[in-house]
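The signal peptide feature in TrEMBL is assigned to 1-17. According to TrEMBL, the feature disulfide bond maps to Cys33-Cys45, Cys40-Cys58. The annotation domain 'CUB' is assigned in TrEMBL to 268-379, 422-578. According to TrEMBL, the feature transmembrane segment maps to 964-988.
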Amino acid sequence: MDWALAYMLLIVACASAKNSFALVEGPPSVLACKLSEFQCDNSRCIALNKFCDGTDDCGDTSDEPMGCTNCNRTFFGEVGTKNPIRIAEPFQRNLPFVCTMHFVAAGAEFGDIVELTFLNFQVGTLESDRNQTASCYNGHLALTEPTASSPIVRTSQTRGFTQFLSAATGRQPVAAPLSSFYDSSELDQPEFGRFCGDLINTGGPVIFFSERNNVTLQVVIPNRASLHSYSFNLYLTYRFHPSKPSRTRYGDSKDPIDLGVRAPESFCDRIFENCDRKKCKIRSPNFPGFYLRNFTCRFTIRQLTSPQGTQAQIVLSQKNEYKISIYTGRTAPGGASSQRALTSDCLGDVVRIYDGGNSQASVLSRFCGSGSLTEVVSSGPESRVELHSVGAQQLYASKLELDVEVRFVKADDFRVEPGGKCTFEIDGSRAERRGLIYTPNHTIPPNTTCSFHFKGRGVHDRVWIYFLSYFVEDKQRWSNAEKCDVASLEIVDLGAQELFQDANSSIDHSTRRFCEKSSPRICARAAEYPQFIPLRPCRLPDDSYLSTGSDLVIRQKFFKSSDVPLRRSSFMARYEFVDTEQAGIDMGPHHGPCHRHFQSSTSKFGHFASPKNVFMYGRGGSENITCSYYFSGMASEKLRIYLINLNLPTTQCAHFYDEATQRYTCRMVTSRTNAAKISAVQVTDHWGETFTPMGCFCNTTSQLRKPILIESVGNNVTLSFTVQGMSALEDFNYFGFEATYEFRPATSCEGGTARRNGSEGELTFVAKDISSQDTPLRCRWYIESSPKKYLYLKFQGHDGSRAASCNPGTNKFVVYADGISDPVAVVCTDGDSNLANGDAKSLTTDAFHAPKDPPQSEPQFDLFSLSWYNESERQPRGLPTRRNVDRVLVEAIAVKAGAFKVRWLEVTKPFLRTSSGLTLRNVNCLYECPELSACISPELWCDGTVHCPSGHDERPEHCHQFPIIYLAIACGALLATLVITSAGTLLYCRRGKDRKTRDIPNDVQLEPPNS
């Protein structure tokens, strides 16, 4: 540029400055018009924006002088009035063009805030270099807003003229901001950038609202810009508002909006504290208008207090999609914004949200574009939001508003630690045995992996998992291919990995992976119930997972995506450590999952309990459970069981202590209204095929004050744990038992003497001093009949049934039928305890046999075996074959020293029943006791010992006279034999001549019941 051109520019600048000073600083006395009006030469008043607008508004062309321009002027206006301004292209295209406008809100009726609305904009071009850094060429527009308000802004275009010349000499961008042209005593104002290019269409005008009372607009067009036609076009309106025009900016007086406290020595940095009690909002400068260029705003949010046991989280969101509008740096054809949603692919302005109070913290979200923002939640009580504005950009309605909330969560919730560590170890030996795992309840930074490692407390632990919810956003819904570009979930069964490594398998089924189009097994119904336990259990394998070992890992990965997710990826699952350990030896698959065997050869004592495996109970899907614990000792041993804890709630059963048998017994309660729900523990002592009850317990839920001792007689014992009718909410916490066992030397029952003489027998037993024993002395014997015979027993004692129970401290006989667990009789023995100090020989057969007239001091109790009354009882249910013998088990219970005596006979029935119901005489019943209606063996008849209770078998008329009746019977038998032989011979000789078919008789004699 030569000196002549520079001199001409200096003259133009001085003239413009002179006119400006004349307009602004004229004496008030000569101004008859308002501050917002221009006074024509004919004393008419017109709005300031009508000066030099190309129209004769004054009527005397005084508002359109020769060579006038609406640039380099200061504009005032009244509140609410919108005034348009069009800046036309300069006439001299070969000269640089600088247009400066000052918009001042003078207060009161002239307003306090300036509004500029850009309707058309085309100034220069915006170009980017190889680093995607944008710069303005061929012209730009700059907006500045002084940091201190003043009623009138004084400007001088002659100041900084050398800077102006450097800006106008070529195509290079202006190095220094034009805000330095103006007086500014503040240091916190940034060097604002500039706008250029075309107006980006966002569906409406682009509006700027000032923070203070004045705004300076400056347009710079270098001389070379004239080479491009239509390179300059600017049309806008200005309007003034009072400082609080609406509740949109400052909120209601009853519910004001907290915009934070401005940080010292900063342009737009703000600090928010304790937003749990305030309505906090983060806003970009000049909101709801667009913000300026070339600055960075830092918004720090802190929550200083939180309730005990909780931790605060900062929640940032914006549901209104029109309150976030950040230019992405990309423009679609036609000047419209190419981004209708938030994205992290930003070439221009960008918003960053940090998981902490400084910029060194992890970035939770990075976005630009337009749209709503889902919740971005910090992991702790601090967060920072940064709004970065680039130095050059097309004119765009850039603005930002975020709602700030505070959320209090449990202090022990899952969260990402500082530094990005997101690993959680759930130890079954230290933590709760069941609970919830879930995605941390805050925003997870991209490229983060969160792992949940389950470790059982032993090799018998298994991990049961069922998912309540699972979500990963699918960004390619039109495609069936799974991209796994947002997040993924992996279930790693470490126990299965070891199995596959041992088997050298090439296919690893130990890891299951799920992304946006696949999901794990969901048991969604569980989320609707308390503690996430549904009424319909989450069964295996349809609704849940069970590890093969004690270790399991669930891993969730979050990937970096260009799109800001509309909903964060998350899952929630319920876990439980399942204890599969059981004491004893497994009896195999044919005996059920909880049938165990204990042998004294392996261990003489130990601890055992009901299973803790949830899958055996209602909550795991099993309505009924039956577990049997078999104890096998040596022949010289007996078993003691100590019940430590019983938890057997039921309304269908009640247990009590039976004084007769000295055992706990259960009594079933029938109910027609309630479904059968039974829980019980039964202990039986089995000897061969006979099971004698040792104890039964039910309907107890209280902790035992002391262990209950149960002692067997023999060496084979079975404890059965049974629960029926469980609901889906019940498990081993509702039902169960805990006990210990001990094999001990068996009780010596050698003091008994058993004698058997053909069809009769007797048993005598003397109990010595048993005061040193903590349980009653128990001995038992089998009494077995000959084939096809019944047993008749006679005890020395009296009936000990419920109606006539024994006195406390009385010794007893308890009689069991073979195969029947309930006793058929209880006999109270009244034997003299002094006999216990004597010899068993004193209880001889002669003393035991009842005389013809037994004394009243020795009562006797007799009974038949159970099969005598009912033939079906001869064969107990469940036995595979039918026996021909009758057996009775007799158990002696001694609580003190005393004698036990019992005698038995083998008898038969005098009458037999045919298949048609007829009764026939038993021809083999020759010697009958009338009072018993039973027949005894012939060798017992008249043998000198009374066997029938009435002494019928030893009466003189039967034993001391000639046996005429027997001789008659013998003769009759001989005669009958001769007749039958003769008749048979005759029939054989005549069978060829005369054969007559005879009908088969319908009535046939049955064999005795034992046959």
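Using the three backbone atoms N, Cα and C, a Cβ is placed for every residue, glycine included.
Keep in mind that TrEMBL annotations are predicted by a computer and have not been checked by a curator.
Across the domain 'CUB' (268-379), the DSSP tally of helix, strand and coil residues reads 0 helix, 51 strand, 61 coil. Put plainly, the disulfide-bonded residues Cys45, Cys58 were compared by Cβ crowding within 10 Å, and the winner is Cys58. DSSP classifies Cys33 (disulfide bond) as coil under the three-state reduction. Secondary structure at Cys40 (disulfide bond), as computed by DSSP, is coil. Across the domain 'CUB' (422-578), mean pLDDT in this model comes to 88. The secondary structure of Cys58 (disulfide bond), as reduced to three states from DSSP, is coil rather than helix or strand.
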